[in-house]
Amino acid sequence: MAQRDSDMRKKPNILITGTPGTGKTTTASALAEATQFRHINIGDLVKEKNLHDGWDDQFDSYIINEDLVCDELEDIMEEGGNIVDYHGCDFFPERWFDQVVVLQTDNSVLYDRLSKRGYSETKISNNMECEIFQVLLEEAKESYPEGIVVALRSDAIDDITNNIATLTHWLTTWQTVP
């Protein structure tokens with residue numbers, strides 16, 4: 001049996017995923033600050049490094065090139081100590097992550113957040129449906145081992161504070177399996 005990357009890393013990697021507007025970047029940034037881990041915002045990385053195949057006018061976003069993103073991150077992820085922030089998760093190699101966090105937000109809160117961002121009604125509707133049907137939670141459960149996927153509420157500042165405390169505790173107690 002092949003040795004998992006996590007057996008060789010000195011620090012774990014976390015993926016924070018969820019529907020746009022659930023607080024991924026806020027949570028990942030605060031967690032990185034609290035733990036001195038590297039925060040990798042995939043959306044920013046795609047823009048900075050041109051890891052996309054153009055612009056999607058319908059969804060008002062870049063069409064990311066998943067292969068280019070994975071190639072860009074391979075060495076960094078092997079080192080460990082990363083908090084990756086992105087709304088999708090099924091294209092990342094399973095071996096990269098030791099914890100996959102799916103942030104979830106009440107629909108009324110999510111609607112307000114997306115409206116304040118200036119999202120079009122189509123984009124808001126699409127994201128609301130994703131949240132209602134728990135698309136990203138299901139995607140995470142299908143893509144990663146059951147024991148590493150956790151769903152956390154992210155409706156208010158108190159939720160984010162509690163999530164950071166929970167994840168900081170997990171990070172400080174993480175160790176490789178002998």
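Cβ atoms are placed via backbone N, Cα and C, with glycine included.
Just so you know, TrEMBL annotations are computer predictions that nobody has curated.
The following features are taken from TrEMBL:
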type	residues	note
REGION	1-25	region 'Disordered'
COMPBIAS	1-10	compositional bias 'Basic and acidic residues'
BINDING	Gly21, Gly23, Lys24, Thr25, Thr26, Arg117	ATP binding site
REGION	41-64	region 'NMPbind'
REGION	116-126	region 'LID'
Taking every pair from Gly21, Gly23, Lys24, Thr25, Thr26, Arg117 (the record's ATP binders), the biggest C-alpha distance in Å rounds to 15
Across all protein chains shown, the binding-site residues Lys24, Arg117 give the max Cβ-within-10 Å count at Lys24
Excluding its own, the Cβ atoms lying within 10 Å of the Cβ of Gly21 (ATP binding site) add up to 24
Long-range Cβ contacts under 8 Å made by the region 'NMPbind' (41-64), restricted to residues 6 or more beyond its ends, are 25, 28, 72-73, 84-86, 119-120, 122-123, 126
Around the recorded ATP site (Gly21, Gly23, Lys24, Thr25, Thr26, Arg117), other residues with Cβ within 8 Å of the Cβ centre, ordered by sequence, are Pro20, Thr22, Thr27, Arg113
For the region 'NMPbind' (41-64), the DSSP helix/strand/coil residue counts are 8 helix, 10 strand, 6 coil
